[in-house]
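**Student:** The structure is given below, and queries will be raised subsequently.
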2 protein chains.
Amino acid sequence: MLRVGVNGYGTIGKRVADAVRAQPDMEVVGVAKTRPNFEAEQAIEKGFPLYAAVEDRVDQFDEAGVELAGMVEELVEESDVVVDACPSGIGEQNAEMYAEYDTPALYQGGESADFVDTSFNARSNFSDANGADHVRVVSCNTTGLSRLVAPLREEYGIEKVRTTLVRRGGDPAQTGRGPINDIVPNPVTLPSHHGPDVNTIFPDLDIDTLGLKVPATLMHMHSVNVTLESDPDADEVRDLLEGESRLFVIPEHFDIDGAGKLKEYAQDVGRPRGDIWENCVWGESITMEGDDLYLFQAIHQESDVVPENVDAIRAVTNAADAEESIETTNEALGMGI
Amino acid sequence: MLRVGVNGYGTIGKRVADAVRAQPDMEVVGVAKTRPNFEAEQAIEKGFPLYAAVEDRVDQFDEAGVELAGMVEELVEESDVVVDACPSGIGEQNAEMYAEYDTPALYQGGESADFVDTSFNARSNFSDANGADHVRVVSCNTTGLSRLVAPLREEYGIEKVRTTLVRRGGDPAQTGRGPINDIVPNPVTLPSHHGPDVNTIFPDLDIDTLGLKVPATLMHMHSVNVTLESDPDADEVRDLLEGESRLFVIPEHFDIDGAGKLKEYAQDVGRPRGDIWENCVWGESITMEGDDLYLFQAIHQESDVVPENVDAIRAVTNAADAEESIETTNEALGMGI
């Protein structure tokens, strides 16, 4: 059994912990958190040993009556792999600690790509992470784009990708974020960071991305254009995408028009927290105009990287190859909707 | 003086009436409305003779104590040109009435392009409307795209336009519209109607458009890609666009990040109703990647067609050529911010 520690038990960390626990070949050694908030309480409730991430906040846990198993360093020492799901920028600060205990670490997409051995998307470059000490699982949007690019590139070749990312302003629980009643170019300059970030997975891909923020919290939406090197018909492309285990091509008769219905569907099928780990591609939107492919896809920013983190654990420990890992992860989570 | 009647005194009609009144060569004969609501009261308040658009609703005006000058047919008869600003689909039903009184009519972009002599954008095809009886002023989004396409096409040639239109869900006063907290592909199939609609102005332009709806009310936002036939640098393109009287290239130091600040700026400079008749292009967003131009522009859906309607009045009556009309309209309205 792979012994996994999770440092940072927020939006991503708590989901990764649950997903790791669900795997047949992994166990959660413990999780680390800076504050004794509702998520800390829930970690204990679920039986995850809770470690304090910051020495001088141990008092806060004591005062709140939230029991600690120790300090984060102990968690790192006991883990075969640590998943760092701390807020952006903190992961890089933690890298030295992981190196000190010789524990391979996975970071999230908010971290810089510069200090890690490789960036990671299971479908696209799994083996690049074999044996690596510092691996960055790319962000939700980059994961969503990479999953789409990989099969199109293999099957048809890609001349250029042009994508507008209509991003949710904040997650449902992020009450301080905006905009309210506005549509904000963000960033207003080009390219948005997404294009260069996809290049950490596909270095030679020609991709331009534009980002916007809107008053929505449920999912991101991508308006995707891919100029292919050949011109298959739309049905062929659809078949190709339907064959990908982490792309959910929404059937017309589901009558799902946006992120609200997608999330409701996810809740109805019993997904934990209503999570949607797959890219959600509107089948009707898949269109070819000459060699230009167009489609819309929705990306659940809180959860699509979760199975990728699980796979990255196997990649760095050489515990399985891409195909085997993806299959194991998917089956354990119950993917395929 | 050109005698102009306005049939339909809602979002567009009331703005067109004010803009016509501001012109040195036009007067408003009257406006027609179906219901005695606050806008009807305001028409009378402003001194516009008010006509009933529907015979069997005259009672409603009487009961509300709102004084009528007559029926819409009388207005049509007395007008040199009628601007039809009725809800989508009603304009086409009215066409027979306008023909009966031999009064040239302008329709709005919600009408079909099939029954009119030409669709119209002042910058792009002014003279096509000379002497025409039925002219359709294209919609807010198509107007916005046409104003941008015209100079780029003339100066550089256009290989292809790809645009994602992130549309406001409804106008500020449309309380029944959505979405709330969602990002909805709309239409989910491609192309959205905007591409074919731009082709009513530029028949041979290769353009693909995708539409989305979001929870915002202030303005539409276009994420624009234009593959040019040459590759000027971004500053050159910016200079070109800054030279267009109905494109407002937002300077960086204005610190305007979205539609909210744009509208606040319009109010501060004293624009009636906070209207923004110009396309609002973020200067910082103008980017060239090879021969691919990218930019963001915001479009005020309630008002950008207003100066176009004014120009179309001169076009159908052969009262001026494009350059003279646009200059007169702009000066009378006080454009140029």
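Numbers run from 1 along the shown chain.
Note: Cβ is positioned from N, Cα and C throughout, glycine not excepted.
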**Student:** According to TrEMBL, B:THR11, B:ILE12, B:ARG168, B:GLN301 bind NAD(+); so which of B:GLY89, B:GLY110, B:GLY243 is the extra one listed there?
**Tutor:** B:GLY110
**Student:** Excluding near sequence neighbours, so keeping only residues 6 or more apart in the same chain, what lies with its CB under 8 A of B:ARG168 (NAD(+) binding site)?
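**Tutor:** Non-local contacts for B:ARG168 (NAD(+) binding site): B:LYS213, B:VAL214, B:ALA216, B:THR217, B:LEU218, B:MET219, B:HIS220, B:ALA259, B:GLN301.
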**Student:** In terms of DSSP three-state secondary structure, what is the assignment for B:SER139 (D-glyceraldehyde 3-phosphate binding site)?
**Tutor:** coil
**Student:** What number of additional C-beta atoms lies within 10 angstroms of the C-beta atom of B:THR11 (NAD(+) binding site)?
**Tutor:** 20
**Student:** Please report the number of other Cβ atoms within 10 Å of the Cβ of B:GLN301 (NAD(+) binding site).
**Tutor:** 22
**Student:** If you measure Cβ to Cβ, which of the binding-site residues B:ILE12, B:GLY110, B:GLN301 are under 8 Å from chain A?
**Tutor:** none
**Student:** Quick check for the class: what is the C-alpha distance, in angstrom and rounded, between B:ASN141 (D-glyceraldehyde 3-phosphate binding site) and B:ILE12 (NAD(+) binding site)?
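**Tutor:** Checking the Cα atoms of B:ASN141 (D-glyceraldehyde 3-phosphate binding site) and B:ILE12 (NAD(+) binding site) gives a distance of 14 Å.
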**Student:** For B:CYS140 (active site, nucleophile), which residues in the same chain are close in space, meaning a Cβ under 8 Å from its Cβ, but six or more apart along the sequence?
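**Tutor:** Counting only residues 6 or more apart in sequence, the Cβ neighbours of B:CYS140 (active site, nucleophile) under 8 Å are B:GLY109, B:HIS220, B:ILE299, B:HIS300, B:GLN301, B:GLU302, B:ASP304, B:VAL305.
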